[in-house]
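All remarks here apply to the structure that follows.
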């Protein structure tokens, strides 16, 4: 197998592994609040929103140390161990206990930081400036196809149900746990590149015999990675991209947790509201896959760079927010177990609700594929710290959004996203124009990025 084929194989395995793990985790996140609301066990007092807030809060803090962990352990083993923690979190829902639920939320927050930092490192090492756009698109399309499979099952299994029984819950979460473990095992198929090997890694016999140089070098790399993260955090490009990244954190919370809860709370959907949560997830996935495929795989033919894709993303999201504002009751995110009978500015329409799901997914893919691409392009030599900062900002904003989702009416959540999204688009444009100017100065073709 040629070096280029080997790299493409690694990207595909990376994407398929994430597809399995996040088929389980994103389906879990999409239905968690609905399942918890329907729990008969009076000893359980957890909240899906609070759990997600803990996960993303710990996630954001853990990104400060995740480059060091990846430097010491290596990206492959980092992803395997993280995948195990994802599986344990999902398994908690088989027999929920409040203490286990929140404890698992803390551990998965740490695991997520390590997983995504290792993913960014693996993506960058297996790409160059000519293939980073294509590889980002392949990875993103495979990752987001996870939204399709899990939610398709939820749609058919929960069709016509207004209450989720204990048997329904256990069946779903046992299946999701197994799916997550399959994705974790697939990480072992990723073939190591020379760049990703820690010093002395290829000769494990020497390490067993007492080669202390490897351990010393790994610790040096860990300290260097931490220092690099701090230094990069204050660069102009990272500060500007942080506004864009903050927006992706807010809208991630909205489409992955809040919007499904809103749909499930609307009684005027006539007994179909629970199965519509699954259908909504499917159409978010369709939007994500379409965006990842079109804007990633066809990136080499894009002569105008990343800005038009981000512009399309913000326009699509603004249309979605406008329609959601008119279609969804204002109290839908915080409705009780009985749901809401309120009406917004039109009679709630299932078709409009599902169309908005598609728009949310399409817009999210526009932003994330281009952020992955520009980070891989700007920081090809510092990939782990750069992606750690990206996930730090994204996750802390997601944590804040999950926290206020417990209290804010729908209109205020939409307004926050509109304001941050507007400024995030402008800051992305600024960084992209500077990247284009630097590329032209080097004599490279701008369309290749």
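Using the three backbone atoms N, Cα and C, a Cβ is placed for every residue, glycine included.
TrEMBL: automatically predicted annotations, no manual curation.
Copied over from TrEMBL:
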type     : residues : note
TRANSMEM : 7-26     : transmembrane segment
TRANSMEM : 46-65    : transmembrane segment
TRANSMEM : 100-118  : transmembrane segment
TRANSMEM : 138-158  : transmembrane segment
TRANSMEM : 170-190  : transmembrane segment
TRANSMEM : 238-256  : transmembrane segment
TRANSMEM : 276-297  : transmembrane segment
TRANSMEM : 309-328  : transmembrane segment
TRANSMEM : 386-404  : transmembrane segment
TRANSMEM : 410-431  : transmembrane segment
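The stretches the transmembrane segment (138-158) and the transmembrane segment (238-256) are not in mutual contact, being linked by fewer than three Cβ pairs under 8 Å (pairs 6 or more apart in sequence). For the transmembrane segment (309-328), the residues of the chain that approach it from at least six positions outside its boundaries are 244, 251, 259, 262-263, 266, 291, 295, 302, 344-346, 348-349, 352-353, 355-356, 359-360, 362-367, 369-370, 410-411, 414, 417-418, 421-422, 424-425, 428-429, 432, judged by C-beta separation under 8 angstroms. Tertiary proximity for the transmembrane segment (238-256) is limited to same-chain residues at least six positions away from its ends with a CB under 8 Å from its CB atoms, namely 26, 29-30, 52, 56, 232, 284, 310, 317, 357, 360-361, 363-364, 367-368, 371, 374-375, 386, 389-390, 393-398, 400-402, 405, 413, 416-417, 420-421, 423-425, 427-428, 430-431. Of the ranges 46-65, 100-118, 170-190, the one with the most Cβ pairs under 8 Å to the transmembrane segment (386-404) is 46-65. Beyond its flanks by at least six residues, the transmembrane segment (410-431) meets 237, 240-248, 250-251, 254, 258, 262, 306-307, 310-311, 313-314, 317-318, 321, 324-325, 328-333, 370-371, 374, 378, 401, 404 of its own chain at Cβ-Cβ distances under 8 Å.
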